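Working notes, structure below.
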Amino acid sequence: MEPAEEQDAGNHTLLSEFILSGLSSRPELQHLLLFTICFIYSMTLIGNLLICMATAHPTLHTPMYFFLRVLSFLDISTASVVVPKMLVNTLSEDRSISYLGCVTQLYCVVFLASTEWYLLAAMAYDRYVAVCRPLRYPAVMSTRACLSMVLLSCCSGQVVSVVQTAWVFTLSFCGPRRINYFFCDIPPLLLLSCADTSRYERQLISATVLVIFTPFCLILLSYTCIVSSILRISSAESRHKTFSTCSSHLTVVTLYCASGTLIYLQPKSSNSQEAKKVLALIYTTVIPTLNPLIYSLRNKEVKEYNIYTFLLKLSTSHV
């Protein structure tokens with residue numbers, strides 16, 4: 001993709017970079033933001049790496065924990081695409097990002113977010129088979145089937161990302177180069193376009209339905225069947241255990257759905273850009289930090305093999 005053209009005083013020059021405004025332009029908040037984002041990013045890396053280590057235990061080589069490891073990897077990747085550049089911009093007066101850098105960042109964010117949504121749907125299907133079809137679970141959720149689901153999620157995310165990124169950067173950008181955001185995303189880039197984007201906005205809403213609402217409907221259908229099966233379980237302890245396992249996943253889905261839809265269903269609404277910044281921060285940095293906490297607190301097996309627990313047992317044995 002070639003850089004778009006920018007009109008300046010009647011002459012056309014190549015637009016080689018954008019300016020990211022960041023989370024806030026107030027100097028007195030920069031140090032607080034730097035510390036907060038550093039802390040959140042550190043917790044994201046540590047928490048998700050611990051999930052990967054905990055679920056690598058031989059007794060946890062099951063489809064649910066395999067999907068959880070992939071989810072943790074996607075969370076680390078999403079935060080790493082956004083946060084380091086945001087930290088550099090917070091420390092530096094130069095908040096520019098090259099045209100190619102903006103293309104790459106947008107592609108990665110859309111790819112990771114789309115892949116994660118399809119993966120969440122695969123995780124819901126895994127829970128449906130485990131609860132509603134337990135006798136067929138080993139055959140249906142085989143290693144090959146799990147790998148195929150992850151590969152399909154990645155391929156679907158790839159298609160969505162290529163289409164969305166290519167479409168955005170075929171638009172012509174004019175006027176200010178400043179993106180009122182802390183990373184390159186579709187809604188703030190649309191605000192910079194001097195072309196009619198109504199057709200693209202309709203296409204983006206359709207893509208949002210495809211990427212978010214279609215998996216969400218499949219997830220709701222899976223959990224409707226799961227709840228129906230749970231209510232038929234006679235043992236209260238078994239009902240509680242099954243519900244606890246599923247509620248972690250449902251909590252994560254709700255957080256993603258709420259923030260994602262509010263960002264992309266009104267892509268060119270300029271009066272809500274500050275609110276969208278907060279939602280995007282939650283989507284790209286806060287939720288990846290919360291995921292390990294949600295799954296650890298609600299899952300007995302993950303807590304048992306968490307590295308913190310292992311270190312605690314090790315230190316106690318030496319006392």
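Here the Cβ of each residue, glycine as well, is placed from N, Cα and C on the backbone.
Positions annotated as transmembrane segment by TrEMBL: 32-54 (among others).
Summarising the annotation, TrEMBL assigns transmembrane segment to 66-84 (among others). Residues 37, 40-41, 44-45, 48-49, 51-52, 55-56, 105, 108-109, 112-113, 115-116, 119-120, 122-123, 126, 146, 149-150, 182-183, 284-285, 287-289, 291-292, 295, 302 of the same chain sit 6 or more residues outside the transmembrane segment (66-84) yet have a Cβ under 8 Å from a Cβ within it.
What TrEMBL records for 104-125 (among others) is transmembrane segment. Sequence-remote contacts of a segment are chain residues at least 6 beyond its ends whose Cβ falls under 8 Å from one of its Cβ atoms, and for the transmembrane segment (104-125) they are 64, 67-68, 70-71, 74-75, 77-78, 81-82, 85, 97, 149-150, 152-154, 156-158, 160-162, 164-165, 168, 183-186, 189, 211-212, 215, 218-219, 222-223, 249, 252-253, 256, 260, 283-284.
Same-chain residues lying 6+ beyond the ends of the transmembrane segment (146-169) with a Cβ under 8 Å from its Cβ atoms: 1, 4, 63, 66-67, 70, 103, 106-108, 110-116, 118-119, 122, 125-126, 186, 189-190, 200, 203-204, 207, 210-211. Sequence annotations record features per position, and here TrEMBL assigns transmembrane segment to 146-169 (among others).
TrEMBL lists 205-231 (among others) with the feature transmembrane segment. Proximity of distant same-chain residues to the transmembrane segment (205-231), defined by a Cβ-Cβ separation under 8 Å and at least 6 residues beyond the stretch ends, is recorded for 113-114, 117-118, 120-121, 124-125, 127-128, 131-132, 160, 163-164, 239, 242-243, 246, 250, 253, 256-257, 260-261, 264-265, 267.
Residues or ranges marked as transmembrane segment by TrEMBL: 243-266 (among others). Away from its own ends, the transmembrane segment (243-266) comes close to residues 64, 113, 116-117, 120, 123-124, 127, 131, 185-187, 204-205, 207-208, 212-213, 216, 219, 223, 226, 230, 272, 275-276, 279-280, 282-283, 287, 290-291, 294-295, 298-300 of its chain (Cβ-Cβ under 8 Å, at least six residues beyond either end).
Marked as transmembrane segment by TrEMBL: 278-297 (among others).
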